[in-house]
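Novice: Can you keep this structure in mind? I'll have questions shortly.
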Amino acid sequence: MTLQCTKSAGHWKIVVWDEEGFQGRRHEFTAECPSVLELGFETVRSLKVLSGAWVGFEHAGFQGQQYVLERGEYPSWDAWSGNTAYPADRLTSFRPVACANHRDSRLTIFEQENFLGKKGELSDDYPSLQAMGWDGNEVGSFHVHSGAWVCSQFPGYRGFQYVLECDHHSGDYKHFREWGSHAQTFQVQSVRRIQQ
């Protein structure tokens, strides 16, 4: 069954199941889904991203921990939450990442909130910001010039994930509270571009 939701259909397609291993009831989406609970699912247990990049959320309404979902198969919840610091076995809402463009992505990171202090320009993946010369383990604010990025709490793309997009907040993320409802710290130690 293909469901059309509020955003216009693009080149995104995701199929979700209510049981692990691509078993049980399934639904196919080409646009955002604010709550699988409304479909009778308790949570998504497995999924396949057929096209586009998506971000999944722990709770309905695009709240809670964020999980980047790129093209591929995810037979169980640990396949998409394996590198997070506090894996949650719930995924109840998801949406496409419209501006993901791996080839043309640019991000400015700032030492302090509100775009103050030392800054760094990024256009590549960095498994360790400290290895590239960034002092400390915190980033105060971000400006996304183009593309979409996932920032991780720890080196090696581990820990909480924060999805930053050029078409959200006009690309401006002045404070960690704008990174997502689960963000509680400025700690960011690795950054990568989201693949379309």
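Even glycines carry a Cβ here, placed using N, Cα and C.
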Novice: For the record in Swiss-Prot, which of the ranges 2-11, 112-121 is the region 'N-terminal arm' one?
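Specialist: Going through 2-11, 112-121 one by one, Swiss-Prot gives region 'N-terminal arm' for 2-11.
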Novice: Checking feature assignment: region 'Connecting peptide' per Swiss-Prot, candidates 63-68, 81-86, 87-92, 99-104. Which range matches?
Specialist: 99-104
Novice: How does the model score the domain 'Beta/gamma crystallin 'Greek key' 2' (52-98) in terms of mean pLDDT?
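Specialist: Averaging the confidence scores along the domain 'Beta/gamma crystallin 'Greek key' 2' (52-98) gives 89.
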